[in-house]
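Marked as transmembrane segment by TrEMBL: 12-35, 67-85, 97-114, 120-139, 151-168, 188-210, 217-239, 272-292, 299-322.
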Amino acid sequence: MKKNKNQIIDIIFMLFLSFAYVIPLFMSMGIYHSVNQDTYFHLSRIIGLDNVWSSPVNFNNFDHHGTMMNIFYPWLTLYPAFLFYKMMGNLVLSYNIYYFFITFLTMVVSYFSMKQIKNNRYISLLFSIIYTFSAYRAIDIFHRASLGEAVALTFLPLILMGCYEIYIRDYQKWYWLSIGMTLVVYTHLLSVAMVSVFIGGTLFLSFYFWDQKIARLLSLLKATVLTFFLSAGFLIPFIQQSRAQELKVPLGKELSGMAPSDMLTHILNNNYNNYTIGLFLFLGLIGAFIFIKKLTADDLFIFFLGVFVLFCSTNLFPWQLFNHTPVKSLQFVWRLNGFLLYL
């Protein structure tokens, strides 16, 4: 009874924090974005969902060209924004309400994911706050207007929890990985690719330490198969159309990390215009290093993995070797900062 009461209190607290976080969006009398990289694109996507159940082609957006955007860009997790738009009749208001909805959902998902891992109310609540209000997520929402990536961040803790169960604890709970991956597939394809590489990398690094290796590998295989079937509604049309026609995709920039000295300066200034992990998360890394002797083996693995990801986001990592490979589709090295949020 007390446990349920505490969870209700925590949820109400998260609801309050979520509303406080998005107040600038409602006070701006418009859509608050520093550079508006993707604002109009995602607004057009929302409008273009009015006939998505009957046809993937919509002529009401993108200058009435009749694009097949909904075939090539996942839309299912964006659909609540369209429902808000239909109810409110105001695109800007519905867009901001959707961000409130996603922020609250991110807090709840990260809270319960960490609760499953650590079984500690206060650690879970702290993780939820740090993750949801991180500098990188703020960059996606308030600076770049990268709606797809911001929504994908909502479900990454589920993937972390699923991997943790398969690798370390109860591999019969592999379905959490399928749920998390499926939601990301229906949100943002680049995040799917990045998460897949992350899972492959952690599998390679941790496999030696597994017990019941065959059973855990089978659970990972089950999660993969279920993810494909649950995601088939998007993946099959996407693959079919990709093979049926020649696609013109952005070439992207040359991959290059940030100089460590510049990164440290930007972190200390805590300016989200410079695409860093932010001061608070950086202090968390320092704190983990100071108390490193108190970390468990699992915590140490995650800590050093986080340090390695941070290293990869600098120009000390030889990114030039990957500029003529599919890795170039990453476009921006600082996208790796998204993984540091839950490491």
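Every residue, even glycine, has its Cβ placed from backbone N, Cα and C.
In TrEMBL, annotation is done automatically, which means it is predicted and not curated.
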Original post:
Considering only Cβ pairs under 8 Å, which range in 12-35, 67-85, 120-139, 151-168 makes the most contacts with the transmembrane segment (97-114)?
Top reply: 120-139
**OP:** Go through 12-35, 151-168, 188-210 and flag the stretch with the largest number of C-beta pairs under 8 Å relative to the transmembrane segment (120-139).
**Re:** 12-35
Subject >> Non-local residues, at least 6 beyond the ends, that sit with Cβ under 8 Å of the transmembrane segment (151-168) >> reply: 77-78, 102, 105-106, 109-110, 113-114, 116-117, 131, 136-137, 140, 174-181, 183-184, 187-188, 191, 195, 199, 202-203, 206, 210, 216, 219-220, 223, 298, 338-339, 341-342
